[in-house]
Amino acid sequence: MKFGREFETQMIQEWKEAYMDYRSLKSIVKQILRYRLQKQQRPPPPPPPPSTGDTVPLKTDGGEGGGGGGGGGPGLSRRISLYRAFSGLTNRASRSPKKSHKHHNPLSSKRHHHHHNHHHYHLFDDDEEQIILINEDETASYTTTFLNSAEEGGEMEVQFFRRLDGEFNKVLRFYKQKVENVMEEADELSRQLNVLIALRVKVENPHVHLPPDLNSVASAPSSPHSTMRTPAPSPMDVIREMEKTEDKKVFKPAPVEMLDHVKLKIDPETPLLTLKMMILGLPSEQTFSKPELRRAEELMNRAFVEFYQKLRFLKSYCFLNQLAFAKILKKYDKTTSRNASKPYLNTVDHSYLGSCDEVSRLMSRVEATFIKHFANGNHREGMKCLRPKTKREKHRITYFLGFFSGCAVALAIAITVLVHIRGLTKSEGRHQYMENIFPLYSLFGFVAVHLFMYAADIYFWSRYRVNYPFIFGFEQGNDLGYREVLLVGSGLAVLTFGGVISNLDMEMDPRTKSFSVITELVPLALLVCLMMVLFCPFNIIYRSSRYFFVGSVFRCLLSPLYKVILPDFFLADQLTSQVQTFRSLLFYVCYYGWGGDFKRRTHTCYDSEIYKELYLVVAIIPYWFRFAQSIRRLVEEKDKMHGLNALKYLSTILAVAARTIFEMKRGTYWLTVAVTTSSIATLFNTYWDIFRDWGLMNRNSKNPWLRDKLLVPYKSIYFIVMVANVVLRLAWMQTVLGIKEAPFLHKRALVAVVASLEIVRRGIWNFFRLENEHLNNVGKYRAFKSVPLPFQELGGSKSV
């Protein structure tokens with residue numbers, strides 16, 4: 001793989017715009033190469049122009065003499081020193097402060113140009129020509145002067161160095177800002193951990209009273225970092241309970257008195273806590289109980305893990321950009337036969353990007369602190385928690401995916417052949433089968449279609465580098481890829497088709513006047529198996545993903561009482577497209593319960609008043625989830641857009657209720673109500689899909705009527721999916737227009753087709769919804785989760 005593609009693959013996608021623009025610099029180098037090739041073909045062979053005669057010795061000196069000899073040994077050592085400078089950032093602490101912290105660049109000139117020239121000539125061989133001059137101003141911005149700009153074609157090289165300086169300064173500013181941010185966060189984590197240690201002391205010994213002299217060291221506040229070039233101790237150095245003296249260790253406990261000035265922030269995360277805080281309010285006094293300690297330790301654990309991830313990202317950002325500068329300058333040298341990479345890379349090495357080792361030093365402090373305070377001194381367990389889990393691609397997943405897919409296709413063909421051979425479409429029992437058995441199996445079909453659409457979404461999210469695991473908050477290393485989701489969907493399809501084949505008999509036993517009990521219980525057995533797998537406590541069949549799904553469903557069921565997060569309202573949106581699945585579940589209860597005789601394939605569910613009421617309720621429930629979530633977010637965030645979103649779902653609830661009542665009662669009045677409410681809901685939902693969820697239809701954007709940033713390279717795709725979304729939104733017209741059956745389709749099959757089209761529409765919506773969310777994260781450089789800290793000062797909202 002070429003470096004450009006590898007560079008884009010290894011990027012932190014949310015920081016993509018902050019990386020060096022390797023592609024644009026490479027395009028300028030290609031322009032220089034094309035110009036030089038044309039220049040070589042332009043003049044006739046004899047006699048060469050004077051400019052060519054002047055150029056040949058320079059090329060010989062740079063390529064064979066000074067450039068070859070000086071670029072072979074020193075150039076190679078320069079590249080090695082570049083990699084060593086990055087990988088050994090933790091070793092820079094052992095160097096002298098002058099080299100480690102002062103960003104003195106012998107190639108940059110601020111005021112004394114003679115000093116610059118002195119060092120410059122020491123970096124070139126005697127027969128090498130000085131090509132560039134690099135200056136650094138008071139704002140730590142670098143400007144490169146190309147000294148051979150008067151040459152023919154020199155303006156392109158001037159453009160190259162101007163663009164290179166712009167990218168270098170951009171990277172420097174971003175990196176310095178992020179380092180300052182993590183240093184401030186390290187200060188806050190230090191104070192938070194100091195309070196946590198005091199809380200531990202208080203909980204384990206509530207009556208402890210420590211003399212002030214023992215608390216003096218532990219209570220010493222962390223000094224703010226005025227500059228990162230001073231050899232002051234890292235913020236993590238203040239977190240110490242044990243200090244060595246000459247001969248023994250002296251115990252330095254954290255000051256318990258600091259607990260009088262802070263309070264534990266307990267966000268209600270369970271319905272019981274939410275109701276309790278709504279009724280009683282926040283507790284006025286600290287109890288210093290073990291549950292509070294466990295909660296604080298859990299939050300601090302998550303905060304340290306997330307903070308360590310930030311440091312890893314910064315370290316990767318630093319290394320990749322240094323490597324990109326080395327690669328593009330090497331390509332420039334090869335194209336122009338010059339040796340400009342040596343001075344420029346030396347500047348990079350002595351800049352803040354190459355010489356600041358605060359990130360690596362802070363990483364080692366975080367590791368030591370986390371292992372000591374959260375892993376009981378177990379280095380392996382501590383690093384296992386801090387480092388992200390790498391996902392292993394397993395060949396058996398691909399094998400079983402192919403196996404189950406082949407089985408599903410074979411069974412589908414077998415069903416088609418059996419229906420044709422037996423003439424089941426013209427059988428007397430066809431209507432009985434479609435009214436009783438087909439709705440049972442259609443439930444699994446809806447779930448399988450949704451799984452296939454979700455797998456397609458994951459594939460395209462990965463292809464266009466949408467960071468969906470971060471957006472959904474999946475556990476690192478345990479998130480499912482599209483192969484795993486396809487495997488689950490194909491396995492479910494195999495079980496469903498196998499059950500359908502067992503129930504294809506259309507005639508009862510003439511002796512018993514009933515169907516086989518075993519075959520009639522196959523759909524129920526499949527449903528029970530599906531539920532058992534979903535709630536299986538053993539670590540099989542993607543337990544972490546199953547539990548994540550079950551937990552999200554549970555929070556949706558109690559929507560107003562839980563804080564709304566993206567995975568929960570995203571799942572609730574998925575459930576709004578599975579209304580027919582909920583109705584199929586209701587039919588299961590009725591058919592195998594109070595209203596059916598499964599042995600004779602008869603039921604009275606559609607005549608039951610209870611069933612009719614529940615038929616309406618289960619269709620509204622998914623939209624109620626989203627309505628309640630929007631109200632909760634409106635109350636918490638005070639954003640009026642959540643209120644409008646709640647109105648959108650309320651209009652949909654009214655439309656679904658009106659269509660359901662019209663389906664049961666008919667009549668002109670309910671037809672008018674159904675058409676009116678459905679039209680309003682369709683317009684509202686279509687506007688929200690395109691304008692709000694997808695962020696499209698911006699006429700002033702760089703891409704007219706779309707948005708400024710697009711991940712899909714073909715703009716026509718966006719217009720096609722907008723039209724498709726509107727068309728699929730109108731599937732409700734099948735109900736109000738009274739379309740009961742289509743050619744070769746039973747009315748139950750038609751309902752299943754319409755429901756499947758809604759699932760397909762939801763799958764399309766998913767991709768562009770997450771694309772817009774990802775681009776919002778990119779625009780805000782939001783690559784980390786916000787983890788709340790457990791303690792804050794009394795009388796204020798600030799953390800400790």
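Cβ coordinates are placed from backbone N, Cα and C, and glycine is handled just like the others.
Range with Swiss-Prot annotation transmembrane segment, chosen from 295-315, 484-504, 568-588, is 484-504.
The membrane topology recorded in Swiss-Prot keeps R465 and L789 together on one side.
Most Cβ pairs within less than 8 Å of the transmembrane segment (440-460), among stretches 399-419, 484-504, 521-541, belong to 484-504. Residues 8, 13-14, 388-391, 397-398, 401, 455, 542, 544-545, 548, 565-567, 570, 711-712, 767, 770-771, 773-774, 777, 783, 785 of the same chain, all 6+ positions outside the topological domain 'Cytoplasmic' (461-483), place their C-beta atoms under 8 angstroms from a C-beta of that stretch. Long-range contacts of the topological domain 'Extracellular' (420-439) within the same chain, counting only residues at least 6 positions beyond its ends with a Cβ under 8 Å from a Cβ of the stretch, are 503-504, 506-507, 523, 584, 587, 591, 596, 598, 601-603, 744, 746-749, 752.
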